[in-house]
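Taking it in order: structure first as structure tokens, then the write-up.
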Amino acid sequence: MKIKALSKLKPEQGIWMNEVDMPELGHNDLLIKIKKTAICGTDVHIYNWDEWSQKTIPVPMVVGHEYVGEVVGIGQEVRGFQIGDRVSGEGHITCGHCRNCRGGRTHLCRNTIGVGVNRTGCFSEYLVIPAFNAFKIPDGISDDLASIFDPFGNAVHTALSFDLVGEDVLITGAGPIGIMAAAVAKHVGARHVVITDVNEYRLDLARKMGVTRAVNVAEQNLEDVMKELGMTEGFDVGLEMSGVPSAFSAMLKTMNHGGRIALLGIPPSSMAIDWNQVIFKGLVIKGIYGREMFETWYKMASLIQSGLDISPIITHHFKVDDFQKGFDIMRSGASGKVILDWQ
């Protein structure tokens, strides 16, 4: 049986709709009928066929890793799932054998394989993944929100790396993950949450999500904003989401002594760091990759169930046949999360 999919078919710019074989269900797998998928910044990198994509992505391959769907097939060894369960899933498939996997630190597996990056993705009518990677979506959480649990998890993992209650938080990079991290920080009790970017559309989106201040650093000085807020000592927690060297440099300068920084954005390997800021301020810097399995997933569901509203981050919906419009709007920068409807 052939099914519809969105694939990287050629080593050049673009994503194409094609037909692929129905995936085969293994003993430990679930077969998921896809309802909705969301376009990730990673998918845009793959579309653009940048240097990272050229080194990483096998061609041809079905792409995508943000989704919600319904369980329609269950491998014979699988327990804990039923036909009809609504699921999303962890996009990092881990080995189960390395020291970190065996120690319960699965998100630090050294042999991680990415859905839609190293193996067949979810931009397809059906997806097969290990049942271990599936997460049942609680009733009361919409399909739209469930489809963005993967990037929401990046935001939650990063934001909750440190205690935020009563703290002043700086977030550099107002992409969807940065904005969701800001909403999480406010929800769990941070005092001032300041987010910086140069994209006015996304700064407006951050304002709608409740940040204290959204600062266009091309037009406004971060130190001036801190004075206006009555901040005399610097930020307690920094969440770096942009990968932009100048943003990280500004963060280091404005951190309080003893401040803590979580890094999710991927800067160029040649990025220079003012180590005086790190050493003499006693800063703690932590790298973040993916989501904790599955603690972050339970926290995501609980945050939404306790009243966190991240729905404004979803700005566009398209039928899957109009996927090109979705990629165009994502590439323009004038969007939050873009959802493709497969049904």
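Going from the start of the chain as shown, residues are counted 1 onward.
Cβ coordinates are placed from backbone N, Cα and C, and glycine is handled just like the others.
Database features (Swiss-Prot):
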type     : residues                                                       : note
ACT_SITE : Thr42                                                          : active site, charge relay system
ACT_SITE : His45                                                          : active site, charge relay system
BINDING  : Cys40, His65, Glu66                                            : Zn(2+) 1 binding site
BINDING  : Cys95, Cys98, Cys101, Cys109                                   : Zn(2+) 2 binding site
BINDING  : Ile177, Asp197, Arg202, Leu264, Gly265, Ile266, Ile288, Tyr289 : NAD(+) binding site
Among His45, His65, Arg202 [recorded positions], residue with fewest other Cβ within 10 Å: His45
His65 (Zn(2+) 1 binding site) as reference: those recorded positions from Thr42, Ile177, Arg202 with C-alpha within 10 Å of it: Thr42
Binding-site residues compared (Cys95, Cys101) - highest count of Cβ atoms within 10 Å: Cys101
Extra residues within 8 Å (Cβ to Cβ centroid of Cys95, Cys98, Cys101, Cys109), Zn(2+) 2: Thr94, Gly96, His97, Arg99, Asn100, Arg102, Thr106, Arg110, Asn111, Thr112
DSSP three-state assignment (helix, strand or coil) for Glu66 (Zn(2+) 1 binding site): strand
Greatest C-beta neighbour count within 10 angstroms, which of the binding-site residues Cys109, Leu264, Ile288: Leu264
Top Cα neighbour of Cys95 (Zn(2+) 2 binding site) in the set of recorded positions Thr42, Ile177, Asp197, Ile288, Tyr289: Tyr289
